[in-house]
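Everything on this sheet refers to the single structure shown next.
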């Protein structure tokens, strides 16, 4: 004997469907939380990261003592939070004597731990400390550009992993159409040494150049910090293979609003939006009309209607 | 100029060939050099971006980005395809095509266009006023009731099919995310009787019984949140204090008095309830006094009937029979 349980409200059904696995995935959400102890610097760093990812991040404020992602039993809390908030990326900040200003960037697959990168934050400068023209400030939610500099990102294992995780973290949604006027931020990562990465955010200023391609100018805007790579854990091979599987390409696109008949041939439907009669601004010829009227009036008083006739002829 | 790796789908540029020839002298130098290099990289990305064919829009030119080249892992597993339902299998076998239905349909009964589902719908059973009798109809049957039963049967069959389809989907891991299948009863194994559901009161009783079986009677057991405190069904015993004076109201004296009274009254054959008799006498005296007072005020012609009491008259004062020291 089985009973079918469905949510009584349609809103809850919609929320559940949003969290269901999809063929093509939209943006990943990030969970930002504290560990047992955090320092002032780390609090500022976590706040800045939250501001960078405002729309699709959730920040927890309480400290969580039992979260130890690198230990075997310590990730159950994280997995539970990931399940509850439907977040597949997390940023965990902890501070201890052995690992000061520690940030653990992690990803989950199917709400289980996928991989981890542990970095230490040094030389942190927050957004407020940079002075720049406020008009250049990047908008929240704009798609960022990435610039990775240094051969370390290809040769060193940890840095390769860090590059992938940073890309995943700050990428946002994968979009098909991009508005070129909306490009206003770039994340700059420079591998200074095999263990250190300099990370900063810059605003993009597009300047006129001769060709269609504008000249780019970067202005350092956002938080800048040094990442010192500490530990990392690569994903399990089997899980990695599963996670890297892409959707099958065979779904053919249904052409909408097109029907075909043997008699009529191919027939399409066009939908025209309602005409906005009355709210369309008329061309403003009031000035000209006024001037003409004024002149005509003046001429009328001075001269005979014969003048008017001349005017009409010239038209 | 070294080649940059550009991933347009992710708007990423990677320079794998740049290396710091000399370690940067100071932080500003490093920042400046990073910015320079960054500018070059971003310029490269912008070059490729602005070359793409763009459509004009009031906000700005819109380009279609190619899919990203760097592969990143998914966050959830790929959804599994749903197994075909019972109807879909049948339709495929018979070659039945799906036709899109309109929201309104012509109702033969009223001759108007009505909506297909919902309030005031087409071919509703409620709207049929008369059902003509057919030759093969039995005389005692109610055709309206029969219609209702048939509809109920159809609905039940549909529910059964739906449950079956969902079970098949759950078996292949493709259950829709908003649906859960819950077992209402355990499968019947041996006896015919279905296992009875234990109610809240029963559970409380059983829990209480189990608790009272402990050495401290369940008094110090840790309670779950929401559990009620243990009920004490029996009487609370009262014990006398260890040291007390022997005055008039000493508890020990009272206790022994009570016991003795009970014993003696049981063994005596007097049917007299001494206290009750005393109270009755006193009440009578009061009445007499009041009536005497009243007689001096009122002048009633009626004579009050003289009630004779058949009960044994008590002696004046209280008797000493039942009392003990």
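Just so it is clear, glycine is given a Cβ too, placed from its N, Cα and C backbone atoms.
TrEMBL does not curate its annotations; it predicts them automatically.
Remember, it's a predicted structure, so these values are computed and weren't measured experimentally.
Per TrEMBL, compositional bias 'Basic and acidic residues' is recorded for B:119-162, B:219-230. TrEMBL lists B:294-303, B:316-325 with the feature compositional bias 'Low complexity'. Among the features that TrEMBL reports, compositional bias 'Basic residues' is placed at B:304-315. For B:52-86, B:117-174, B:210-255, B:283-325, the entry in TrEMBL reads region 'Disordered'.
Beyond the ends of the compositional bias 'Basic and acidic residues' (B:119-162), by six or more residues, the same chain brings 85-87, 105-110 to within a C-beta distance below 8 angstroms of the stretch. Taking H, G and I as helix, E and B as strand and the rest as coil, DSSP gives the region 'Disordered' (B:210-255) the counts 8 helix, 0 strand, 38 coil. According to DSSP, the region 'Disordered' (B:117-174) comprises 32 helix, 1 strand, 25 coil.
Helix, strand and coil counts from DSSP across the region 'Disordered' (B:52-86) read 1 helix, 5 strand, 29 coil.
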